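What follows is a set of notes on a single structure, which appears directly below.
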């Protein structure tokens, strides 16, 4: 019986050690295999020395999925949003890759070209790259102001004498002080609105400077032929510098760095093999006693670990940094702190769901004094809770009739919740997305829009620290019994000191349709509190759209109508011809509707410097209609569909990001 047990134990020991040996060898082969595959560069067409993020058949693990190359044309080409780009050069020592558009490299007058953009996380634009914008089929008559920025493009005659093509060589967001647009940017918007389309191409700043000093179609072709520079991803450069090979994991869908195993010495391998068999023999002889000793050792270690952990939990001097941060949070925020058990009791075990926000589910609850409250329970996957801390800190500093009141919070490890006042009427979207909007008159809608403006004005200008919301939309505007609006959900709010209002975002945040253009493209400038102004303008136009839903049904199916309500301008043109925005309303209501429309349109100007600040928006809403001018029709660059689809999920599931408040505002 003893011999049988010993033999069984010996057999199990052999199997276990052999399994460890096989697993180790397979892991080494896998790591070495990817490094061997991806470490050497490859040739595609006339280009040598290509590496990540580019790849060809047989090297899928070595490149990003968006950057597969086609080598059949003799030059390496890749397709992005149906636009082909060719590689002009790749210098991984300097970290610069040069590309050019294949469709207009020889002819900038192609009628079907359109704007596309790169995944700048993988290949960011180099600092030497700027944007060249070409406007097609525009009015011939150009003002003297506009002519200082745009030059005529000599394309084959299309048969019309009053239409021309033009190009713009500089990024208007970063003009020198001597060329400030001041109040004349609407002239450029009017010019862009007169064109049938415009296409933005990255280009070398040196070539654009030459084109600007010596305008000609030949120099324009040279600027397109020279292409534009992109930088190798910083993660990849770090990987290459550390003797690794850049690649992409199909399993985790993220960048990986493959490293090779150290070369083995043959003599050393023989010694290791002998030791391997000796260890097997020794373990086989003493397996029973070793097994018993192993069990005792494991039990002893586990017991020590458990006792040590209990001591750590009970000793305040041994608490983790997370516990310290949470204690500091509770001490700094002057709000009632609830335990998770109390939250469960308040919500009656989370019985009634009243909504789902970007970071969790909202439940109805009742405090011990009988007051109804809304309890927002965050998802347990929210990392270290930075967004939660941000929300509680920002909301605890606010006190305004148009800002939702925070009553308390819960923070126990990954269990986090906020408790705020309950609104019987729910959120604004339930009114403007249903037949309820037709029962609300223009005075009520105006009161809601004005209240939201006052709330945002308070966040931007009335707090000790400027609070930027970044997710203004109907779902985040709550209505009390008197239909007075209250701005809620500060889960996306970012705080800056009053004189440091320019924000830098690592992730796009917000809700598609309400996101300002500068969040998508640096062409429009930097992200700041003016992004909230844009979202507010879209909110106001959304309210007007709900009131005029029947007149817009023919446009709502269009994707572009999500981003700009063209029907608003058509109705304004009708108003100039004697027709009001909506029939069967009084003159007073007609004036209110027009005022809301004009304010909304001013707020959604594509250039942040053309949008009014929220304190000015309140003045416009409270002022006379006669003092408001019709703003120019915005001309937005085309936003690739893929970008929009990715961004539409950001407000629902987003990682923490870093805010840099680095530019002082006088």
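Positions of Cβ are set from backbone N, Cα and C atoms, glycine also.
Keep in mind that what you see is a predicted model, and the values were worked out from it rather than measured.
Feature annotations, reproduced from Swiss-Prot:
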| type | residues | note |
| --- | --- | --- |
| SIGNAL | 1-30 | signal peptide |
| TOPO_DOM | 31-275 | topological domain 'Extracellular' |
| CARBOHYD | 119 | N-linked glycosylation site |
| CARBOHYD | 141 | N-linked glycosylation site |
| CARBOHYD | 171 | N-linked glycosylation site |
| CARBOHYD | 198 | N-linked glycosylation site |
| TRANSMEM | 276-296 | transmembrane segment |
| TOPO_DOM | 297-666 | topological domain 'Cytoplasmic' |
| MOD_RES | 420 | phosphotyrosine |
| ACT_SITE | 471 | active site, proton acceptor |
| MOD_RES | 508 | phosphothreonine |
| MOD_RES | 511 | phosphothreonine |
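Rounded to a whole number, the distance between the Cα atoms of the residue listed as 'active site, proton acceptor' and residue 198 (N-linked glycosylation site) is 29 Å. All protein chains included, residue 119 (N-linked glycosylation site) registers 17 other Cβ atoms within 10 Å of its own Cβ.
A sphere of 10 angstroms centred on the C-beta of residue 198 (N-linked glycosylation site) encloses 21 other C-beta atoms.
Of all the recorded positions in the list 119, 420, 471, the shortest Cα-Cα distance to residue 141 (N-linked glycosylation site) is found for 119. Note on the topological domain 'Extracellular' (31-275): its mean pLDDT in the predicted model is 79. A straight line from the CA of residue 119 (N-linked glycosylation site) to the CA of the residue listed as 'active site, proton acceptor' spans 23 Å. Annotated pair residue 471 (active site, proton acceptor) and the residue listed as 'phosphotyrosine', C-alpha to C-alpha distance, rounded: 18 Å. Listed in sequence order, 373, 374, 376, 395, 404, 405, 406, 407, 488 are the same-chain residues six or more apart from residue 420 (phosphotyrosine) with CB atoms under 8 A from its CB. Between the recorded positions 141, 471, 471 has the most other Cβ atoms inside 10 Å of its own Cβ, all protein chains included.
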